[in-house]
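Chemist: Would you mind keeping the following structure in view while I ask a few things?
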Amino acid sequence: MGDEMAGLRAAKKDLRALVRQRLSLLSPQSLKQQSASVTETLLSLPQYKNAQSIGVYLSMPKGEVLTRAIINDALRQRKQIFVPYIYNSKVQDHPNLRSAMDMVSLHSKSDYERLEPDAWGIPSVAENSIAGRSRVLDDRGISGAISPEVTSSERVSRRSTELKRLDLIVMPGVAFDRDLGRLGHGKGFYDWFLKRYHDSKASLLGEETKMPFLVGLALDVQLLPDKIPTDAFDWRLDALVIGDGSVIRN
């Protein structure tokens, strides 16, 4: 099992290096054109149109589909928007992660414009603003699960403050395949977030969780002809929008 996992990690690492090398050759004009095509298609999807709450990644200035136009459209439509927030993790049930991701609310266009870029050029939510934002997960050092001793009435009372449902999540990635496999950057942020989302909502409501519609955005060089190696922790997409504006669906 150890050798198999090591081989899987090595294969993923090689794929990331290959795709990143291709992305480095992509012109700014092509990035802009493909991002516009992807955005137009995404905004036309019924799952996006009907979504009341969405999670959207904040894009790097290059190397992935730009999401600024998506966020601005969602703000205009008064959708509830949540964006990634990376923080030091004290979660003990994932020993390989030293940090984790939650998604926090974005208030307005001016709030969006005030986000400062990090070392990668990604607009980032400031830690000192977190107290004033809603969080999708009840992440206070644990995975969000509620103790079995909590009564049913307490569960109901917590829904309004702790249960932040997402109808759709716009997913980033380094590479994708036509079977809706996704290769992330290797940090495990989104896969671990989705697992915790599923587990915490199921624990809170005591029922099977309806997961958000997961849609990936891919530039042309990010779509691979062969299947991406995956394991049990990797979440598959429901749809993938490609740089030419076409869609691959489940």
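Glycine residues also receive a Cβ, built from the backbone N, Cα and C atoms like all the rest.
Keep in mind that TrEMBL annotations are predicted by a computer and have not been checked by a curator.
Dumping what TrEMBL says about this protein:
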BINDING   Lys12, Lys13, Asp14, Leu15, Arg16, Arg182, Leu183, Gly184, His185, Gly186, Lys187, Gly188, Phe189, Tyr190  ATP binding site
BINDING   Leu58, Glu64  substrate binding site
Chemist: Note down the number of other Cβ atoms within 10 Å of the Cβ of Lys12 (ATP binding site), including every protein chain shown.
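Modeler: There are 20 of them.
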Chemist: Among all the protein chains here, how many other CB atoms are within 10 A of the CB of Arg16 (ATP binding site)?
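Modeler: Within a 10 Å radius of the Cβ of Arg16 (ATP binding site) lie 16 other Cβ atoms.
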Chemist: Under 8 Å between C-beta atoms and at least six apart in sequence, can you list the same-chain neighbours of Leu58 (substrate binding site), or say none if there are none?
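Modeler: Counting only residues 6 or more apart in sequence, the Cβ neighbours of Leu58 (substrate binding site) under 8 Å are Thr67, Ile71, Val83, Pro84, Leu115, Ile122, Pro123, Ser124.
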Chemist: Where's the emptiest Cβ shell within 10 Å among the binding-site residues Asp14, Glu64?
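Modeler: So among Asp14, Glu64, the binding-site residues given, the one with the fewest Cβ atoms within 10 Å is Asp14.
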Chemist: Within 10 angstroms of the C-beta of Phe189 (ATP binding site), what count of other C-beta atoms is obtained when all protein chains are considered?
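Modeler: Taking all protein chains shown, Phe189 (ATP binding site) has 19 Cβ neighbours within 10 Å.
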Chemist: Please report the distance from the Cα of His185 (ATP binding site) to the Cα of Glu64 (substrate binding site), rounded to the nearest angstrom.
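Modeler: So the Cα of Glu64 (substrate binding site) lies 12 Å away from that of His185 (ATP binding site).
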Chemist: Between the binding-site residues Leu183, His185, Lys187, whose Cβ has more other Cβ atoms within 10 Å than any of the rest?
Modeler: Leu183
Chemist: How big is the ATP site in terms of the longest C-alpha to C-alpha distance among Lys12, Lys13, Asp14, Leu15, Arg16, Arg182, Leu183, Gly184, His185, Gly186, Lys187, Gly188, Phe189, Tyr190, in angstrom?
Modeler: 20
